[in-house]
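The motif ''HIGH' region' feature in Swiss-Prot is assigned to 15-25. Feature annotation from Swiss-Prot assigns Zn(2+) binding site to Cys146, Cys149, Cys159, Cys162; the stated evidence is sequence analysis. Annotation comment: Swiss-Prot describes 332-336 as motif ''KMSKS' region'. Taken from Swiss-Prot, the feature ATP binding site covers Lys335.
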Amino acid sequence: MIQVASKILVTCALPYANGSLHLGHMLEHIQADIWVRYQRIRGKQVYFICADDAHGTPIMLKAKQSGITPEAMINKINQEHQTDLAQFEISYDNYYSTHSDENRELVISIYNTLKENGLIKKRMISQLYDPIHNIFLPDRFVKGYCPRCKLPDQYGDNCEICGATYHPTDLIDPKSTLSGVTPVISKSKHLFFDLPVFSEVLRAWTRSGALQEQVANKMQEWFDMGLQQWDISRDAPYFGFEVPDTPGKYFYVWLDAPIGYIGAFKNLCNKRNDIIFDEFWHLSSKADLYHFIGKDITYFHGIFWPAILEGSKLRKPTNLFVHGYVTINGAKMSKSRGTLIKASTYLAHLDASYLRYYYATKLSSDINDIDLNFNDFVNRVNADIINKVINLAARNASFIQKYFDNKLSATIEDQYLYDYFVTASVSIGEAFNNRETSRAIREIMILADRANVYIHKKEPWVVAKNKYYQQDLHNICSMGINLFRLLMTYLQPVLPNLAIQAEAFLNTKLNWDSMVIPLTNHKISPFKTLLQRITLSQVKAMIDATH
């Protein structure tokens, strides 16, 4: 059971500002949002922040290719990202950018602190340089033969076939992906963060028991291999923050990106007067700090980032919540197969609630990959949300409206069943709190099945035919509406927009603390369709639009 402080700062990994969000990105934002919404519902003071990762060579080159400035491009992308996230009902308190005054000041301040503490080293390195474009080539802008397995077409940092990691200069027959020419080797003096100094601090943090077992085991592998000094500088031309008193040198994006968490929170504090910055980032902070991230960036967040914080005399994360990748119909996302689906393309064809629910049925606290199978997606959403939950309200509301002027009865027909549903809040709440979202959904759907069995056995459509059993009909259907209310209370973190519609129908707020008291002698609103069924033709249209 995760013990959560009363004050919490939650972040998602920063989307890179050179392209659109896709359904892979949305997994993390939805997972974090469900957890954040649950914590808020249970009375925690939560601040949920994110930002665009807006620096680096890829952004500089793409902007140049598009004939615009990097600033213009990242501003456009930022607006697009914020629109997509809002339509997916992601409840950020602040969504910002790493290209900000707050972040620049923080990066320079942290760098100066590290430098004063003797943690910044200088040394000469050899780099690959494109003589056509006059640019030092980042790892992902050079390809060649893997130095270990000798297979071709591998990037400059690691082999996707054998898993080897290496320096770009180790590639056999390297070629620039920009010009296709063989790059030349050029020397340059770079700045390095003395990461090995923090080996024991990081080992202790890893052994604290807070991290997922798979994550802790992976970090132990890195410790066993030995930590290396970290190159935190890049040569001009580069889009980012220039290193003070070092002309032509810029901070590497992976230094200023995680500091962007602090920058985004600082910006939120500047916009409000009710948040004390030091309560969340000071070394003595009693607040919790959680980073939701994908498993591909565990090294940066589990090794590099806490070391930077330790060296800067700032607090370390309480925990990293790491998730796996999204596959589509069992395979990696692919542009050619039409499965690298943009968030905006999805939203043009389908309601955000569908994906929020489907991801929730798959999410757990481990780092296994999650498959978005479209046949299962359609069947699961229709069976669970439409058939079991919404139809429960629709069937009973029709009788309440027709015979009882939309007013619920004065008594609960089955108090034992109602209490059983309320008692389930303990286990369901524990599952949400521990990020075992799929378990929470399973338990909620077991309740939904039981509610529908209750209605099926009571047969209100038969009872309605006998005018002498009007009170029974009233009690049965009022019970059905009350069970719907409890189901929607539990689903509120997963389906916030549907929950708002349910509140309008029920004419009351959904509240975990007050649900022990049923709705009796209570006027509800006329029932309106809350959500439509999905069809495979809608999914096909979405995929066709992706090609």
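Glycine residues also receive a Cβ, built from the backbone N, Cα and C atoms like all the rest.
What Swiss-Prot annotates, mapped onto the structure for a quick look.
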residue: Cys146; record: Zn(2+) binding site; CB count, 10 Å: 22
residue: Cys149; record: Zn(2+) binding site; CB count, 10 Å: 12
residue: Cys159; record: Zn(2+) binding site; CB count, 10 Å: 20
residue: Cys162; record: Zn(2+) binding site; CB count, 10 Å: 12
residue: Lys335; record: ATP binding site; CB count, 10 Å: 11
Cα separation, the residue listed as 'ATP binding site' to Cys146 (Zn(2+) binding site) (Å, whole number): 25
Other same-chain residues whose Cβ falls within 8 Å of the Cβ centroid of Cys146, Cys149, Cys159, Cys162, the recorded Zn(2+) site, in sequence order: Pro147, Arg148, Lys150, Leu151, Gln154, Glu160, Ile161, Gly163, Ala164
Cys162 (Zn(2+) binding site) to Lys335 (ATP binding site) - Cα separation in whole Å: 24
Tally of DSSP helical, extended and coil residues in the motif ''KMSKS' region' (332-336): 0 helix, 1 strand, 4 coil
Rounded Cα separation (Å) that holds between Lys335 (ATP binding site) and Cys159 (Zn(2+) binding site): 21
For Cys149 (Zn(2+) binding site): DSSP state (helix, strand, coil): coil
Overall pLDDT of the motif ''KMSKS' region' (332-336), taken as the mean: 80
